Amino acid sequence: DRQTLVAVLQFLRRSNLRESEEILRREARLLGDDLGAAALSPTGTGLLGTAGGDAESAGSDALLSRVTTAATVAIGASAAAVASSSPGVAAVAAVPPGKVGGGVVVEDQPDVSAVLSAYNQQGDPTLYEEYYSGLKHFIECSLDCHRAELSQLFYPLFVHMYLELVYNQHESEAKSFFERFHGDQECYYQDDLRVLSSLTKKEHMKGNETMLDFRTSKFVLRISRDSYQLLKRHLQEKQNNQIWNIVQEHLYIDIFDGMPRSKQQIDAMVGSLAGEAKREANKAKVFFGLLKEPEFDVPLDDEDEEGENEEGKPKKKKPKKDSVGSKSKKQDPNAPPQNRIPLPELKDSDKLDKVMNMKEAARRVRLGPECLPSICFYTFLNAYQGLTAVDITDDSSMIVGGFADSTVRVWSVTPKKLRSVKTAADLSLIDKESDDVLERIMDEKTASELKILYGHSGPVYGTSFSPDRNYLLSCSEDGTVRLWSLQTFTCLVGYKGHNYPVWDTQFSPYGYYFVSGGHDRVARLWATDHYQPLRIFAGHLADVTCTRFHPNSNYIATGSADRTVRLWDVLNGNCVRIFTGHKGPIHSLAFSPNGRFLATGATDGRVLLWDIGHGLMVGELKGHTDTIYALRFSRDGEILASGSMDNTVRLWDAVKAFEDLETDDFTTATGHINLPENSQDLLLGTYMTKSTPVVHLHFTRRNLLLAAGAYSSQ
């Protein structure tokens, strides 16, 4: 709006702010176009339409306040200087820069009373219902294309208006407001509303964490520019300041240019505690490729060679060896630098294990829709102790159960029994040079199928074997993570960092590092030889319920009860992805073997598939009717297996789910995802147990699927 610009330039000249005036003149081209788009009045007082609309009627103060805001976007510091030096615009500077044209200031967790005092705006309590129903009427009568987008406002506005009434001690008005409108909210907010309904007095709000989170983290809505302009115009015509103030103060509106999203597209992405992820949150580069495997020759065993010859197929091994070597020589372009984070050196035993792994891989079954895996189910019978966690070693030789009676029980699932190392006195008698020294150090008298590890003082919620099978991790309600030796079956270390229950723990695929997540809402990265955590990943708004390492060990995924999944960079502790879309707490995570995709399962019975590189949801698998506690990709990534509390294991066609992905720039920029209506054509099979919820799944090196759970008699 030329008129406005001229007014401001004259004002700057009068105030001797030559520099600002120059900058504004230079930016005028840009500002001329973007005034309408970028200008939001942070004071909430001079409410104006888009530039050029109500310019004449508005007083010059309001004009200035509007332009200053727009200038803040373009100029930054000098605009602030203008604001502070002139009485006409001082109001702008006084208000913290909450939201200017989609930019936002991140606030740290502030003091409780300071947080709550933001609700100190005394609107007329009797009009709240009228305001809300007015907005509701407007949204319901708007065009279909805008209605779906604007309906996202109902929930955050409902919560903030209710909390504002409670905070200002209008208890009866708050109660009637809640009763009148809580039925209109989406079904997936029911649990949050239950918590909200118990906050009926100002005092209740002080200690309530959910409440504080809602207040401090801005609720994110993703809305197209057209819908946003429509909303803004409506609120300004109605002089509906109360609602506009809440939009300004407590919501972060991520505006995108382009078509509004449909109801299905929005429903797929919303539902988390703090709305959707900002698009900015998923822009960082992620090295999702795999690290290069170390090269070493595969030694040929004599009996192998003879065996091959007898069958009349000599020289079968040689080309295999070469192919194994050559496969790893090509560096994955998306892989992190090999030394980005320090990884432990390979020991001789690790090399032997890798060789075994390659031999097994050579005999691996190629799975697919035509060739489904056999499933071997380990049922824990009479588990009156309450089975709470299961893990299986990579070579499928041992299985561990964590129990509610605070024990950790390790079984051998091969004929080879579990043995401890001999006592120090006996070890001194052994000839250390002999070939079978590793056999000799084991004490045959201790051989048994089951070892019970005592040490925790509360239910054990997570267990994880180290890749080399020498160690075992367990985490518990007692707030500790324990490291056990599988040579001596004793506890080596208790890691104390969490103050509350620890829900999950997992070893890095390379050993040495491990991650834990708990009720204190943070995940911690540890190294086995440090008693303090190396990294603390903070950002979730509720318990961290499950943790997983990326196959290249540079990233960690965490699922939380705030209904989001976050991906963290191990190197610097930054959050590089936020995935929203689940409607309940997340309980299982699985990375695809190639590192490109992540599958997540939650209490809503849906498995969601994510493209890590683009930060996009690329699939939704519906079929389970209860919480999904286990997810695993087959060794080559052709099949995804999911296990649930509904007593079934389901197999999904992962190849088909990930092919022909629309990951063009537009989709990435706006989040217009088009999920297939029906995931049934991806479902390859459903396998019922009699009455055993599935707690864990594991593909052996030859692609046999192992599943585990405790039989429940009810």
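If you go along the chain as it appears here, the first residue is 1 and each next one adds 1.
Note that Cβ sites are derived from N, Cα and C of the backbone, with glycine treated the same way.
Caution: TrEMBL annotation is automatic and unverified by curators.
What TrEMBL records for 123-251 is domain 'TFIID subunit TAF5 NTD2'.
Residues or ranges marked as region 'Disordered' by TrEMBL: 298-350.
The compositional bias 'Acidic residues' annotation in TrEMBL covers 298-309.
Under the heading compositional bias 'Basic and acidic residues', TrEMBL lists 321-332.
If you look up TrEMBL, you'll see 380-421 (among others) marked as repeat 'WD'. Across all of the repeat 'WD' (380-421), the predicted model scores a mean pLDDT of 91.
What TrEMBL lists as repeat 'WD' is 453-488 (among others). Within the chain, the repeat 'WD' (453-488) has long-range Cβ neighbours (under 8 A, six or more residues past its boundaries) at 347, 349-350, 353, 386, 388-395, 397-398, 400-410, 418, 420-421, 494-507, 509-511, 514, 516, 518, 526, 528.
Here TrEMBL flags 495-526 (among others) as repeat 'WD'. Same-chain residues lying 6+ beyond the ends of the repeat 'WD' (495-526) with a Cβ under 8 Å from its Cβ atoms: 343-344, 458, 461-468, 471, 473-483, 532-538, 540-549, 551, 553, 556, 558, 560, 568, 570.
Only residues 6 or more beyond the boundaries of the repeat 'WD' (537-578), in the same chain, are considered here, and those with a CB under 8 A from a CB of the stretch are 210, 213, 217, 271-274, 277-278, 281-282, 284, 286-291, 335-336, 340-341, 343, 503-510, 513, 515-519, 521-525, 584-591, 593-595, 598, 600, 602, 610, 612, 615. Per TrEMBL, repeat 'WD' is recorded for 537-578 (among others).
Residues annotated as repeat 'WD' in TrEMBL: 579-612 (among others).
Annotated repeat 'WD' per TrEMBL: 621-653 (among others), in sequence order. Panel annotation: around the repeat 'WD' (621-653), residues 361, 364, 366-369, 372-373, 375, 377, 584, 587-594, 599-603, 605-609, 679-680, 682-699, 701, 703, 705, 707, 709 of the same chain, lying at least six beyond its termini, place a Cβ under 8 Å from a Cβ of the stretch.
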